[in-house]
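Enquirer: This is the structure I have questions about; it appears just below.
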Amino acid sequence: MTLDTVKHATETPESAQPWAELGLKEDEYARIREILGRRPTGAELAMYSVMWSEHCSYKSSKVHLKQFGEKAPENDALLVGIGENAGVVDVGQGYAVTFKVESHNHPSYIEPYQGAATGVGGIVRDILAMGARPVAVVDPLRFGAADHPDTKRVLPGVVAGIGGYGNCLGLPNIGGEVVFDACYQGNPLVNAGCIGVMKHEDIHLAKASGAGNKVILYGARTGGDGIGGVSVLASETFDDSKPTKRPAVQVGDPFQEKLLIECTLEIFQEKLVAGIQDLGGAGLSCATSELASAGSGGMRVELDSVPLRDATLSPEEILMSESQERMCAIVEPQHVERFMEICEKWDVIATVIGEVTDGERLEIFWHGEQIVDVPPRTVAHEGPVYQRPYARPDWQDALQADDAGKLPRPTGGEELKQQVLQLVGHPNQASKAWITDQYDRFVQGNTVLAQPEDAGMVRIDADTNLGVALATDGNGRYAKLDPYAGAQLALAEAYRNVAASGAKPLAVSDCLNFGSPEDPAVMWQFAEATRGLADACQTLGTPVTGGNVSLYNQTGETAIHPTPVVAVLGVIDDVTRRTPIGFAEEGQLIYLLGDTREEFGGSAWSQVVHEHLGGLPPQVDLERERLLAEILISASRDGMIDAAHDLSDGGLIQALVESCLRGGTGARLVVPDALDAFTFLFSESAGRAVVAVPRSEEVRFTDMCTVRGLPATRIGVVDGEEIDIQGEFSIPLSELRTAHEGTIPGLIA
Amino acid sequence: MTSRIGVITFPGTLDDRDTQRAVGLAGAEAVPLWHRDKDLKQVDAVVLPGGFSYGDYLRAGAISRFSPVMETVIEQAKAGLPVLGICNGFQVLTETHLLPGAMLRNNHLHFICRDQKLRVENASTAWTADYEAGQEISIPLKNIDGRYTADERTLDELEAEGRVVFRYLDGNPNGSLRDIAGITNAAGNVVGLMPHPEHAVEPLIGTGRTDGLGFFTSILKKLVGA
Amino acid sequence: MARVVVDVMLKPEILDPQGQAVQRALPRLGFEGIADVRQGKRFELEVEGPVDEAALARVHEMAGTFLANTVIEDFTVRVES
Amino acid sequence: MARVVVDVMLKPEILDPQGQAVQRALPRLGFEGIADVRQGKRFELEVEGPVDEAALARVHEMAGTFLANTVIEDFTVRVES
Ligand SMILES: Nc1ncnc2c1ncn2[C@@H]1O[C@H](COP(=O)(O)OP(=O)(O)O)[C@@H](O)[C@H]1O
Ligand SMILES: [Mg+2]
């Protein structure tokens, strides 16, 4: 097959091209021809098609995501906002923190181990590319029904992959989620987040400037990973659908990535790079076009110099390959030698593949012939933007009218007790230790809090005890009932979790997991969720600094529940003041903070006991969330509370069981006069937490709540070896432990 | 002059910086050593930290064992240099045959990370003198290839000579024979164990306990006293 | 009882980090002249009853659905004499 | 270039939980009649130059010192045709 050079493309304008097979729409292909003033070469077509895909261009979501910027609250802490590899916030003492959550949903369904592993690898490189040392990871996960046979295939593979990769990198896993719901059958959600720490002056950006600067590709050799679709370009004729030998899945090498991290950090330390970008989706196409697009000049790349693992790759395939563990740096000529020395020290292959030019074009050559000549912005930043039609689904009203308040409630203590055991033993509420024990949470020696705490927390300065906390939350059931409120509740929960640990919430990242944007109902869910999240971030003063959108999570006509997963990052001046969830001291007083209403729509109780989803999710009151957070943070700083746990799915009883089991103590509780026992225990009203207050601090603590107007109700005392609800029931801790901890091993093992 | 304790970094080592911190907290000077250098920089003792050197590819510790620095470590360990191998470091020590036996995949086949209770069986090695024989400590355990194995004769020998240094308590986490968590060579200068003392040296961090600090104070006392 | 061996190797186009790590280590150990190393798995199955065509067909199926992950691995089945 | 295969298996007296896990799973997947499963490693080496006795001796040495840990594993070396 002859090489499709720029010259050849100009001479053969009518040559048929497989744009449809590559996922381009007719008008998109026409636009490429218009931009170039000729037909694209095969290599150009490959680049445009992948960069203009939903995954890389955000073409369906862009118009909605704009709000995160437009409504961004004033926040002095924000150093780098949306648009870079990850956002960066100032956490004081000269430190900056970068964090982000990403999805690797589809690959993890096809090949759970490698899909999840490379998901971790990808997000870690994003963080590294900002100039930061990665210090912790989190993994919000969602699977199909817990007892579905395919869950037994997907879950252990995903967990082993996340552990296998993250453990080998030496990144403590400090949090995440595990949710089971039949709606994720066939579309598991594997989201992964990472936090990185640097000094302000070390922030790096992905841009290529300075004519004559070298473009260096370093890390793993390039193989045929993840380029299944593009192989059509390499086939003899375009309609020839001979089976491809190119794997659609990528295989990770965490050892290589660990070397890449250490090598890159050493390179940063010596200030050897002018710009840097990780290679993720769309590989070199993405890295070169984004670097050139964000910089001031053009770029010239000799594709022959790319070190290959498979010598038979075509130039199109090299451009598209998603081989893992690679980075691309822009280096001034006088630093190249030292750059190479550091790579050699770490056994990392590094190759100059091109240079920054003073032109305006991205030009790529293969065996001396030009195969790409494009304005880089048109590839990387000026892709198509869709105003997808959206419409509130016609079933939404009926769903909301199906009020969970009408479900039969337990009558009497014995039935309450049975439902409590049912709740805390349900896979969604059960202990996730079987999973999290496969993750290293101690490595790096800075972990202050990890699972099963409300938020993960790591120390970032051992001399001053400065630390950061991160929590991720999402509730697809709430979002299904009301996507606007659902997204806000996800934010509120993560925010509350961070505050419960004693840290001050600062900034947000998110991973928006939805069905097909071509379905107006899904698009409506997406529009509502982003609007809800943007509005709530504005109110709470926590800007969205970056995130990820995963669409097409659906099988046939059936989409997953809309699942916005929200990560909140917080800062704590002194990690020794952190608040754990466990009730450890007998005699301490248990206070319930916030208002409890009859709210059961989307609740864990309605799911576990009645397999019901209907009504409205809990009411959102962001001012209350903010007040609650302020109280939790002050109380932690001033030593007024010894434990705190936010209330979310499963309500008060779930939180109490977790706090008691964690601390190894029981609790005696009294149902407040204003509430019935069922509502008291199972309602999921937002804006609440339980705290354990030492008796000596009671007056100070309640005075503070009264002055600031936060309802605080004394509901009991830490005591004994059972949870006793006066006049209703009591359950020994050992029985609760068996129910809570036996479930997941029983399902999977 | 304070004692100098070398901490080796292999490609893929993870706990080197923690180990250096632990050495410092105990009052000694931590000296970073690089796998490609044969030179041990005149350190008084060496720690092989945990991690996934060479990705644990082939077998945990199998590739690191052949690095230049290990040539010197093997030679000097035989001459009495105190050496501590933690987790991956223990695996390297068995691969070099400085310590007998071998490490296999955990019997449940999963990575396991937990706070692990141990009994100190031998408090007279270079690295355990600050403990008492029979003392129970809790330090983090985290590995996937932690099942200690040796043939019966070797095991009997280890027992008879008091060379089982640590034993797992409250449940064997990986199927190690005779609940062995750590062993020593005949001279008592080379010790290897799977759990991680360097992760248990500061209150509040990790498990919040400081049961691991004794390793580093033990060696310091020995070196200063010597 | 007969022994059937199933060899499972990563497909040639799939990255094999273990094999690569082994290969890169060899020269340092003084072994030159090994151009490539791939590492895979070997399963030894002790099969009850006669290893006839039907039995082998079952092992094939087992290998393709369980022992190997055919998304990334190839396998071969053979009777060991 | 010739291919030399090194098979490494745990010694028979060493517990092989991976093999056991496979064996235990088989009946659940509908495969009966497998009395035992052992799982080991297979290395495919591409050897440059002639695979004569000297070359094979070198591979033997490599297998005994590096590819296998003879405390726990046995190995075999063969040239693949
Ligand atoms: N996949 C996971 N990885 C790491 N930690 C997890 C994972 N799933 C759950 N956790 C941790 O387990 C604990 C309980 O989870 P969850 O009940 O979802 O918390 P919450 O209700 O506060 O969101 C938290 O500390 C959470 O971070
Ligand atoms: Mg929580």
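From the backbone N, Cα and C atoms, a Cβ is placed for every residue, glycine too.
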Enquirer: Given that TrEMBL lists A:Ser103, A:His104, A:Asn105, A:His106, A:Arg125, A:Gln250, A:Glu322, A:Ser323, A:Gln324 as binding substrate, which residue among A:Ser516, A:Ser550, A:Ser603, A:Ser606 does it place in the same site?
Expert: A:Ser550
Enquirer: Taking residues 6+ outside the domain 'Phosphoribosylformylglycinamidine synthase linker' (A:18-59), which of them lie with a CB under 8 Å of any CB in it?
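Expert: Sequence-distant neighbours of the domain 'Phosphoribosylformylglycinamidine synthase linker' (A:18-59): 4-6, 8-10, 12, 65, 229-230, 232-233, 238, 281-282, 285-286, 289, 315-316, 319-320, 364, 366, 371-375, 378-380, 383-386, 517, 549, 551-552.
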Enquirer: Rank aside, I only need the closest one: which of the recorded positions A:Tyr58, A:Lys100, A:His104, A:Asp278, A:Asp510 has its C-alpha nearest to that of A:Arg125 (substrate binding site)?
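Expert: That would be A:Asp278, the closest of A:Tyr58, A:Lys100, A:His104, A:Asp278, A:Asp510 to A:Arg125 (substrate binding site).
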Enquirer: By DSSP, how many residues in the domain 'PurM-like N-terminal' (A:83-198) are helix, how many strand, and how many coil?
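Expert: The counts are 48 helix, 45 strand, 23 coil.
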Enquirer: Specify the count of other C-beta atoms within 10 Å of the C-beta of A:Asp278 (Mg(2+) 2 binding site).
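Expert: Excluding its own Cβ, A:Asp278 (Mg(2+) 2 binding site) sees 25 Cβ atoms within 10 Å.
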Enquirer: Nearest by CA distance to A:Ser103 (substrate binding site): which of the binding-site residues is it, out of A:Tyr58, A:Asp126, A:Asp278, A:Asp510, A:Asn548?
Expert: A:Asn548
Enquirer: Write out, in the order they occur in the sequence, the residues of the chain not among A:Tyr58, A:Lys100, A:Asp510, A:Gly547 that have a C-beta within 8 Å of the mean position of the C-beta atoms of the recorded ATP site.
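Expert: Close Cβ neighbours, site residues excluded: A:Leu65, A:Ile82, A:Val101, A:Glu102, A:Ser509, A:Cys511, A:Leu512, A:Val544, A:Gly546, A:Asn548, A:Val549.
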Enquirer: Go through the recorded positions A:His55, A:Asp126, A:Asp278, A:Glu322, A:Gln324, A:Asn548 and tell me which ones have a CA within 10 A of the CA of A:Lys100 (ATP binding site).
Expert: A:Asp126, A:Asn548
Enquirer: Determine, to the nearest whole angstrom, how far the Cα atom of A:Asp510 (ATP binding site) is from the Cα atom of A:Asp126 (Mg(2+) 2 binding site).
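Expert: Distance between the two Cα atoms comes out at 15 Å.
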Enquirer: I'd like to confirm something. Which of the recorded positions, A:His55, A:Asn105, A:Asp278, has a Cα closest to the Cα of A:Asn548 (Mg(2+) 1 binding site)?
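Expert: Spatially nearest to A:Asn548 (Mg(2+) 1 binding site) by Cα position is A:His55.
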Enquirer: Tell me the coarse DSSP state (helix, strand, coil) of A:Asp510 (ATP binding site).
Expert: strand
